[in-house]
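A short worksheet on the structure shown next.
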Ligand SMILES: [Zn+2]
């Protein structure tokens with residue numbers, strides 16, 4: 001760690017856990033580049049992320065994204081203090097592209113490497129939000145995307161993250177994609193549902209809120225389930241079709257979106273209350289959903305909880321959050337990872353750094 | 001002087017030089033641990049050769065054919081290393097390295113190189129000796145086939161369990177010296193991605 005700037009380390013982060021190839025460069029708490037190449041369009045015809053298609057796209061996007069990020073940041077590679085990379089969780093074949101590349105870059109540049117947790121990276125993204133002072137800890141974090149739906153208690157970003165709950169089946173973003181598909185809408189489903197829901201009635205149909213019954217709350221107080229909701233939407237739509245009725249897609253979209261937003265925020269605000277933590281941080285691509293943001297603001301205000309939602313470019317998967325988590329680890333004096341760490345598709349959130 | 005990486009079978013890394021030959025070569029044959037081992041292999045091989053990235057002219061990379069998850073890691077590492085070191089990547093067909101090593105050991109005649117493609121299939125390439133420049137002459141492939149569908153060969157069938165980055169690197173040096181073209185800079189997956197396109201199934205019957 002000789003020559004490493006502990007006060008404001010210059011870190012390049014590589015993120016390839018799903019369908020975004022993210023290269024981020026940060027100096028301390030400052031964002032210098034957040035370069036993202038997405039393979040989303042290639043998945044559209046399949047209606048969801050195809051792991052092998054994503055992994056192939058990462059390999060092709062990697063060096064162009066690295067080149068663009070370094071140019072945008074206006075740095076030279078030898079100035080870097082460290083490389084950071086997502087070790088997991090995520091799609092295994094996709095993760096491996098980033099891990100292989102990051103290790104090779106670390107050796108080529110003779111710079112230390114930090115293998116970090118993707119979910120904790122989402123929390124770290126808040127530090128790069130220049131719109132306000134970042135949260136102090138502890139905070140509750142609700143991370144919702146096509147790949148995850150997790151509720152975390154973050155006592156300290158680099159040393160103490162607890163998983164309170166997560167989805168036991170589909171991720172919320174996945175549910176949006178599946179419901180969009182059964183309504184005949186294109187992928188990705190989130191923006192489509194959001195667009196339709198804007199002109200629909202969110203109280204038209206009462207869809208179930210998964211894992212909110214008292215019997216479920218005992219065991220799954222902070223867990224989520226969206227596969228029952230998706231099935232329930234499908235049943236309702238099919239029934240209308242069987243009756244020869246036209247399906248009121250805007251009402252279905254609005255009612256479905258309301259069910260998702262309601263259960264997400266009910267559990268997140270409950271976690272704040274239960275743990276006496278008056279701070280809630282949102283992250284993940286589903287933050288793009290207008291109703292999720294709106295309901296979060298309403299419920300947080302009513303509960304006296306301070307709410308933070310970083311800009312969308314820092315909420316969706318990106319390399320800047322990975323670089324920032326690496327920078328925070330360095331600033332806290334943590335030693336780098338060895339070169340032997342794996343890509344771990346099921347890395348638990350308690351493992352903030354993989355050695 | 002070149003760094004060479006191949007992960008079409010196991011993971012193999014070498015530092016080679018046209019005049020000095022293979023200066024260092026390290027490999028791990030396990031076909032499931034490319035992402036874990038590639039970093040340490042790179043560092044250790046460079047150290048063993050006493051070479052720093054600035055000494056290199058380029059990074060030679062085996063583009064396969066090979067099972068995609070592992071193959072991709074070596075290519076990602078080669079491209080990222082080259083990016084970091086500010087050197088070009090020179091891509092080669094991995095089977096060519098196997099043929100080059102076989103002919104360089106004094107063998108002659110037609111050669112069919114086969115490597116495991118999993119799912120009861122083989123990757124294959126056919127060769128007809130060395131050119132005047134000492135480079136293997138590929139006359140068929142690389143292809144993907146079930147064992148019974150691999151083209152008949154009158155010569156030797158060589159089922160290779162590993163591709164040597166040392167051989168790959170020396171082949172790259174000779175290709176460079178001869179002024180010949182390298183392979184295309186794209187992975188030889190030879191298989192379309194597996195996709196399960198979900199149908200819009202009813203949940204109620
Ligand atoms: Zn994510």
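Cβ coordinates come from backbone N, Cα and C, glycine included.
Marked as Fe cation binding site by TrEMBL: A:118, A:122, A:317. Cβ neighbour count for residue A:122 (Fe cation binding site) (all protein chains, 10 Å cutoff from its Cβ): 32.
Per TrEMBL, the feature substrate binding site maps to A:143, A:144, A:145, A:146, A:147, A:177, A:190, A:194, A:289. When Cβ atoms from all protein chains are considered, those within 10 Å of residue A:289 (substrate binding site) total 24, not counting its own.
Annotation comment: TrEMBL describes A:31-323 as domain 'Gcp-like'.
A Cα-Cα distance of 10 Å separates residue A:147 (substrate binding site) from residue A:317 (Fe cation binding site). With a cut-off of under 6 Å between the Cβ and any atom of ligand 1, the binding-site residues A:145, A:289, A:317 reduce to A:145, A:317. Counted over all residue pairs in A:143, A:144, A:145, A:146, A:147, A:177, A:190, A:194, A:289, the record's binders of substrate, the longest Cα to Cα distance measures 19 angstrom. In this structure the C-alpha atoms belonging to residue A:190 (substrate binding site) and residue A:122 (Fe cation binding site) are separated by 19 Å.
A straight line from the CA of residue A:118 (Fe cation binding site) to the CA of residue A:143 (substrate binding site) spans 11 Å. Summary of the Fe cation site environment: with the site residues A:118, A:122, A:317 set aside, the chain residues having Cβ atoms within 8 Å of the Cβ mean position are A:15, A:17, A:18, A:86, A:90, A:119, A:121, A:143, A:145, A:148, A:283, A:284, A:318, A:321, A:322.
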